[in-house]
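J.: Here's a structure for you.
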Amino acid sequence: MTQDSRFPNLFILDHPLIQHKLSHMRDRDTSTRTFRELLREITLLMGYEITRNLPMTTRRVSTPLVDIDAPVIAGKKLAIVPVLRAGVGMSDGLLELIPSARVGHIGVYRDDDHRPVEYLVRLPDLEDRIFILCDPMVATGYSAVHAIDVLKRRGVAGENISFLALVAAPEGVQVFQDAHPDVKLYVASLDSHLNEHAYIIPGLGDAGDRLFGTKN
């Protein structure tokens, strides 16, 4: 895991397996089926990294031989909240890693000015919960910021929110950091820039279209 000195709340997950799978996802010739499988696999690997610092406690366990105080995750419960629609493709990998997690959904699309328009919010109970928001891309950053706003308006502290994405543009990361410096952003790659259509360069195209086999 590395950091960029410009963005103190950005963490780049540079594990070789993550980078290998991301390269295949970038390839325009990768099929919808393979793209979907890779998204699940890479999200599982990234989920392993971002849950590294979960608080721990111990629980008395009887092994076949002795009783021990065994380490278990403490207190707070986990919730996975994909940002629709492309974020749905990431929830499977996270649920494979954390099958007991609750799942919410935040529906946001970008209007012609690339601003977020909210159309759905469904969340589990918020008390004593750690939230993992997920969306494959942080381009302008506005959708990510809006999704975090949804949780914070309901009383969730920034320290209890993480945002997981595959690729991000520096412009979007700056918007994210300015709005929510207390929320950690985890990505597989910090890409070069946004083009005139607000697409990440080099990016991986429209993640939702590639995931579901649709055309924009």
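Heads up, the Cβ atoms here are built off N, Cα and C, so glycines get one too.
Since the structure is predicted, the reported quantities are computational estimates derived from the model, not experimental observations.
Below, the features straight out of Swiss-Prot:
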- Arg85, Arg110, Asp135, Pro136, Met137, Val138, Ala139, Thr140, Gly141, Tyr142, Ser143, Asp206: 5-phospho-alpha-D-ribose 1-diphosphate binding site (BINDING)
- Ile200, Gly205, Asp206, Ala207: uracil binding site (BINDING)
J.: Taking only C-alpha atoms and a 10 A limit, tell me which of Asp135, Met137, Ala139 are near Asp206 (uracil binding site). These are the binding-site residues.
T.: Met137
J.: I'd like to know which of the binding-site residues Ile200, Gly205, Ala207 sit within 10 A of Asp135 (5-phospho-alpha-D-ribose 1-diphosphate binding site) at the Cα level.
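T.: Checking each Cα against Asp135 (5-phospho-alpha-D-ribose 1-diphosphate binding site), the hits are Ala207.
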J.: Other residues with Cβ within 8 Å of the Cβ centroid of Ile200, Gly205, Asp206, Ala207 at the uracil site?
T.: Pro136, Met137, Tyr199, Gly203, Leu204, Gly208, Asp209, Arg210
J.: Near Ile200 (uracil binding site), which of the binding-site residues Met137, Ala139, Gly141 can be found within 10 Å, Cα to Cα?
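T.: Passing the 10 Å Cα cut: Met137, Ala139.
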J.: Could you check what DSSP calls Ser143 (5-phospho-alpha-D-ribose 1-diphosphate binding site) once collapsed to helix, strand or coil?
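T.: The three-state answer is helix.
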J.: Express the distance between the Cα positions of Met137 (5-phospho-alpha-D-ribose 1-diphosphate binding site) and Gly205 (uracil binding site) as a whole number of Å.
T.: 10
J.: Measuring C-alpha to C-alpha, could you say which of the binding-site residues Ala139, Gly141, Ser143 are within 10 Å of Ala207 (uracil binding site)?
T.: none
J.: What does the structure give for the C-alpha distance between Arg85 (5-phospho-alpha-D-ribose 1-diphosphate binding site) and Gly205 (uracil binding site)? Integer Å is fine.
T.: 15
J.: To see if you understand the setup: which same-chain residues, six or more apart in sequence, place their Cβ under 8 Å from that of Ser143 (5-phospho-alpha-D-ribose 1-diphosphate binding site)?
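T.: The list for Ser143 (5-phospho-alpha-D-ribose 1-diphosphate binding site) reads Val83, Val108, Arg110, Pro116, Asp135, given in order along the sequence.
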J.: On the three-state reduction of DSSP, what should I expect for Ala207 (uracil binding site)?
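T.: It is helical.
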J.: Is it possible to get the count of other C-beta atoms within 10 angstroms of the C-beta of Arg85 (5-phospho-alpha-D-ribose 1-diphosphate binding site)?
T.: 18
J.: Report the member of Asp135, Asp206 (the binding-site residues) whose C-beta atom has the most other C-beta atoms within 10 angstroms.
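T.: Per the Cβ count within 10 Å, the most buried is Asp135.
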